[in-house]
Amino acid sequence: MFNTTPINIDKWLKENEGLLKPPVNNYCLHKGGFTVMIVGGPNERTGYHINPTPEWFYQKKGSMLLKVVDETDAEPKFIDIIINEGDSYLLPGNVPHSPVRFADTVGIVVEQDRPGGENDKIRWYCSHCRQVVHESELQMLDLGTQVKEAILDFENDVEKRTCFHCKTLNYARPQSN
């Protein structure tokens, strides 16, 4: 039997806000065809997710910043997209993106289940020269845990974090200046 119980988002947030923890801060509400996630802020990550399918963002509380890389030209362009409270945004598939969520913010993200044989990637760009430092490829089976595992793997490996081009040591989490 399929699920017949609606979820009251406001009530769920009051009862479960402790589940939205760094570095990803997400909780999967629904799975099956699509994954519906509640995502809180602040988050602590520098990697860019590359999803082979589109992602839909809805900002329920506060604003967020979606950092994207436009790779349609020979020279990639790093672009910041502000998604304000009440806004929705549909990100096309295969666009590198890094959601920046601020304190006391809440969003909803909907991702389509991946077609067979299509993998997600988590990519880190050098903070100094913007070249690709490391990329992890994974068959996305559990959004609630796999992104976090990729972040921790990068964070714990200095070799993966060191830029081949300029030798800058990069980090999995933003560093205060």
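Cβ from N, Cα, C; glycine included.
Listed features, source Swiss-Prot:
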type: BINDING; residues: R45; note: O2 binding site
type: BINDING; residues: H49, E55, H97; note: Fe cation binding site
type: BINDING; residues: E55, R101, E111; note: substrate binding site
type: BINDING; residues: C126, C129, C163, C166; note: divalent metal cation binding site
type: MOD_RES; residues: S176; note: phosphoserine
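Ranking the binding-site residues R45, H49, H97 by the number of CB atoms within 10 A of their own CB puts R45 at the top. For the pair C129 (divalent metal cation binding site) and H97 (Fe cation binding site), the Cα-Cα distance reads 18 Å. Taking the Cα atom of each, R45 (O2 binding site) and C166 (divalent metal cation binding site) are about 21 angstrom apart. Looking only at Cα atoms, the residue listed as 'phosphoserine' sits nearest to R101 among the binding-site residues H49, H97, R101, E111, C163. On a Cα basis, E55 (Fe cation binding site) lies 29 Å away from C163 (divalent metal cation binding site).
Counting every protein chain shown, 3 other Cβ atoms lie within 10 Å of the Cβ of the residue listed as 'phosphoserine'. The residues near the divalent metal cation site, meaning same-chain residues not in C126, C129, C163, C166 whose C-beta sits within 8 angstroms of the mean position of the site's C-beta atoms, are S127, H128, R130, Q131, V133, F164, H165, K167, T168, N170, in sequence order.
Other residues of the chain with a Cβ within 8 Å of the Cβ centroid of H49, E55, H97, the Fe cation site, are Y48, I50, N51, L66, L91, V95, P96, S98, P99.
Summary for the binding-site residues C163, C166: the Cβ-based neighbour count within 10 Å is maximal at C163. Rounded to the nearest whole angstrom, the C-alpha distance between C126 (divalent metal cation binding site) and E55 (Fe cation binding site) is 25. Between the CA atoms of R101 (substrate binding site) and H49 (Fe cation binding site) there is a gap of 15 Å. Its Cβ taken as reference, E55 (Fe cation binding site) is surrounded by 21 other Cβ atoms within 10 Å in the chains shown. With every protein chain in view, the residue among the binding-site residues R101, E111, C126 whose Cβ has the most Cβ partners within 10 Å turns out to be R101.
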